[in-house]
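Chemist: Supplied in structure tokens, the structure appears directly below.
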Amino acid sequence: MRAIDVMEKHHQPDDKDDELLLFPPCPAEPLPSDCCGLGCTSCVYDMYEKELALWKIDCERIRNSSGSADADDDSSDVVQSPDEYRMLELLSITQMTSDCFRYTFILPKHQILPPTVGQYMVLRWKMANKVVTRQYTPINPAESKDKLDFIIKYKHLVMLAAGTGITPMIQLIQHVLHNDRDDTWLHLVYACKSYSTILCKDLLDQWSDYWNFSVVYVLSKEIEEDYVYHRYGDEVVFGSRLTEPMVRQYILNYTDSVRVLICGTKSFNEDMLSYLRNMDIPGKDIYKF
């Protein structure tokens, strides 16, 4: 069982010097790529400003209160509050498509969903030591009790592949790129011995023209001085295995909504899983073929 961080709980510090340690993490400012630029009513930047204001209120409450930044409030019939976050327990995650998941939460006792149809809710959780905030609309009927369901689609898929481990990624990439309604960003990090051993290079070249696909080639046995021919625009790392700093660089740019797929040799898979654990990437956001 996991819990999504929709309300921060704190205790009164014994010492003024420890006060800052009890403050909730400051909300992460959205990346420029997070904004679609279409002038949405609830832009990610608007949400960030609201989050920042709520965070300041939380910190002030901790500073001035006798012990709790947010007291439990189950007196309200509606689980959603415009003024504070509530803690919800995550019951299950069900995969619906390659990049879409159904998250089911347990509603607190005696609480129901908002009666307004189409009412969205703002969820906040911690991931990779950052606070992430997104808005989702429940799929349950209005005024439902007991459970709360959201359908959440990953915005980014990062694929870590080595050698023939590219094969399951090929099918997934085709599925996303050939669907005009799928706007998932695909990021492939492909480890090979040399440029000549890259599999399906013609397909990867074609897909590189798509706006939502990118690929980085990590060549362990080839040095740049011996590199005679390559396709213009290819991003290549020479003379190196896929290391933890590289993985960190490629993944932490997308921690707001990322799922990591892994496929390669046994040792490659073990290394990648170890790197991701060190980065505090949740297990639910990792899939090993």
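Glycine is treated like the rest: Cβ placed from N, Cα and C.
Where the annotation comes from TrEMBL, it is an automatic prediction and has not been curated.
Straight from TrEMBL, here's the annotation block:
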| type | residues | note |
| --- | --- | --- |
| BINDING | Arg134, Tyr136, Ile151, Lys153, Thr167 | FAD binding site |
| DOMAIN | 23-62 | domain 'Oxidoreductase-like' |
| DOMAIN | 159-270 | domain 'Oxidoreductase FAD/NAD(P)-binding' |
Chemist: Just to confirm my parser: what is the rounded mean pLDDT across the domain 'Oxidoreductase-like' (23-62)?
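Modeler: Averaged over the domain 'Oxidoreductase-like' (23-62), the predicted model reaches a pLDDT of 74.
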Chemist: Across all the protein chains here, work out how many other Cβ atoms are within 10 Å of the Cβ of Tyr136 (FAD binding site).
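Modeler: Within a 10 Å radius of the Cβ of Tyr136 (FAD binding site) lie 15 other Cβ atoms.
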Chemist: What counts of helix, strand and coil residues does DSSP assign across the domain 'Oxidoreductase-like' (23-62)?
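Modeler: Result for the domain 'Oxidoreductase-like' (23-62), in helix, strand, coil order: 22 helix, 0 strand, 18 coil.
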Chemist: How many of the residues that make up the domain 'Oxidoreductase FAD/NAD(P)-binding' (159-270) does DSSP mark as helix, as strand and as coil?
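Modeler: Summed over the domain 'Oxidoreductase FAD/NAD(P)-binding' (159-270), the classes give 44 helix, 29 strand, 39 coil.
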